[in-house]
Amino acid sequence: MSQEDANPPSLYVAREPVFPRRVKGTFRTLKWWLLAVMLGIYYITPWLRWDRGPNLPDQAVLIDMSGRRFFFFMIEIWPHEFYFIAGLLIMAGLGLFLFTSAAGRVWCGYACPQTVWTDLFILVERWVEGDRNARIRLHRQPWNWEKLLKNGIKWWIWLLIGLATGGAWVFYFTDAPTLLRDLVTFQAHPAAYITMLILTFTTFFFGGFAREQICIYACPWPRIQAAMMDEDTLTIGYRDWRGEPRGKQTVEGNGDCIDCMACVNVCPMGIDIRDGQQLACITCGLCIDACNDVMDRIGKPRDLIGYLALTDETRERAGQPAKSVWAHVFRVRTILYTVLWGGVGVGLIVALFLRSPIDVSVTPVRNPTYVTLSDGSIRNAYDLRLRNMQGADAQFTLAVTSEAFVTMALEGQEGLTVTVPANETMQQRVYLTAQPDSEAATEDRSDVRIWVEELGTTNRIHHDTVFNGKED
Ligand code: SF4
Ligand code: SF4
């Protein structure tokens, strides 16, 4: 047995820390703006108010777990309307498909929370420790007072950001001003503190230490999105036919790349895009900014690195101009995604306007399926959940229709009318009875339709169920 077989080389390679250098340019500016807008939306939204009348919370966006309701400005989603949430999730998925097929991992590069919070953490790191070279120096030097102090300040600010992140999250689940008061007076529910602690730690760890490793190893999205990309998808590419052979501009025959490593040094993923398209590239565009700056300084055309599709690469190598951005964006695949996305969106809007402010769900009581009364009549019981999704109490009148004759009675009520309080769900037991020897009493099963009508309005809904007769 050889020495190598006895001691096979380790397949583990320790992570090389990444110290992205500061860069200025179009894509960096765009990323700063998006970061400010997205963090602003995240932190401010729970504090926005929306007047819904006296019986409902006035928080504009609220996931009301105790009331089992989701409030989004003027829209109120009840548990039985979960299809709206499902529709929104489908739209989010189709939106991701659309953006990925048009421009690769743009979600990852510009809008993913992991990217946004990591950008913020790197900003703090740079502010406390300095730019790339200073950070590398600090990282390599042994622990001393300077290193302790700078890391201590940095970690402290990261923790505060993590705390604000976890804090903002819990505000989405209950009235924000009330919860803030309860939190600072230590009267909030333990679940709020535990959630905040978990999110503080995960934000601190993911944004501070795990960073690009989450994107490369933990996130499934890079693997999935490869299926949505094709040769016309815009990704970040290096024009090696223009840049190579890289090296000093004073050497005749060299390409435009002066091998300055600026594109590598700014990359938050720590990769060299000149090696070709890579799974780790989040298409953030920072290497484009860095290289364009270099090209400006050495008087060469911009876009040695740029948004580029594989088809463009082929065309440019053949001396033809690249296709326009619009030709990449408007393709059969992207148009199909847009149509699907729009279709689901229109469907949701139509459903929102057509939905009834009252609702009923019917659960037949099946233990027993029927009872025989003293006069021989057959009786079935049903539990109705009557929902009044309006700001005022409403009177609901119940009725039943069926080809087989059955009568209706309500448990604990004189007639067939009940009052359902505003924004409440009321449970009501209902009895349907068939006369002895009637068709409904003797048939195994008869279809019945239970109607609910709101008095004084045109709101009318129904629910179909079955009436069980004698089985013999
Ligand atoms: S290679 Fe360029 S676009 Fe890709 S992650 Fe690095 S800096 Fe961003
Ligand atoms: S920034 Fe541009 S010139 Fe410098 S190494 Fe990268 S590709 Fe070459």
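Here the Cβ of each residue, glycine as well, is placed from N, Cα and C on the backbone.
Automatic prediction, not curation, is the source of TrEMBL annotations.
Listed in TrEMBL:
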TRANSMEM  30-48  transmembrane segment
TRANSMEM  82-99  transmembrane segment
TRANSMEM  155-172  transmembrane segment
TRANSMEM  192-210  transmembrane segment
DOMAIN    247-276  domain '4Fe-4S ferredoxin-type'
TRANSMEM  334-354  transmembrane segment
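Same-chain residues lying 6+ beyond the ends of the domain '4Fe-4S ferredoxin-type' (247-276) with a Cβ under 8 Å from its Cβ atoms: 16, 18, 20-23, 115, 118-119, 122, 132, 211-212, 215-216, 236-238, 240, 282, 284, 286-287, 289-291, 293-295, 298, 300-301, 304-305. Here the listed stretches are 82-99, 155-172, 192-210, and the one with the most C-beta pairs under 8 angstroms to the transmembrane segment (334-354) is 82-99. Remote same-chain partners of the transmembrane segment (30-48), defined as residues 6 or more beyond its termini with a Cβ less than 8 Å from a stretch Cβ, comprise 59-62, 109-111, 116, 119-120, 164-165, 168, 171-172, 176-177, 284-286. Below 8 angstroms of C-beta separation, residues 70, 106-107, 225, 228, 334, 337-338, 340-341, 344-345, 347-348, 351-352 of the same chain, each at least six residues beyond the ends of the transmembrane segment (82-99), sit close to that stretch. Same-chain residues lying 6+ beyond the ends of the transmembrane segment (192-210) with a Cβ under 8 Å from its Cβ atoms: 114, 117-118, 120-121, 155, 158-159, 161-163, 165-167, 169-170, 174, 179, 182-183, 218. For the domain '4Fe-4S ferredoxin-type' (247-276), the predicted model reports an average pLDDT of 94.
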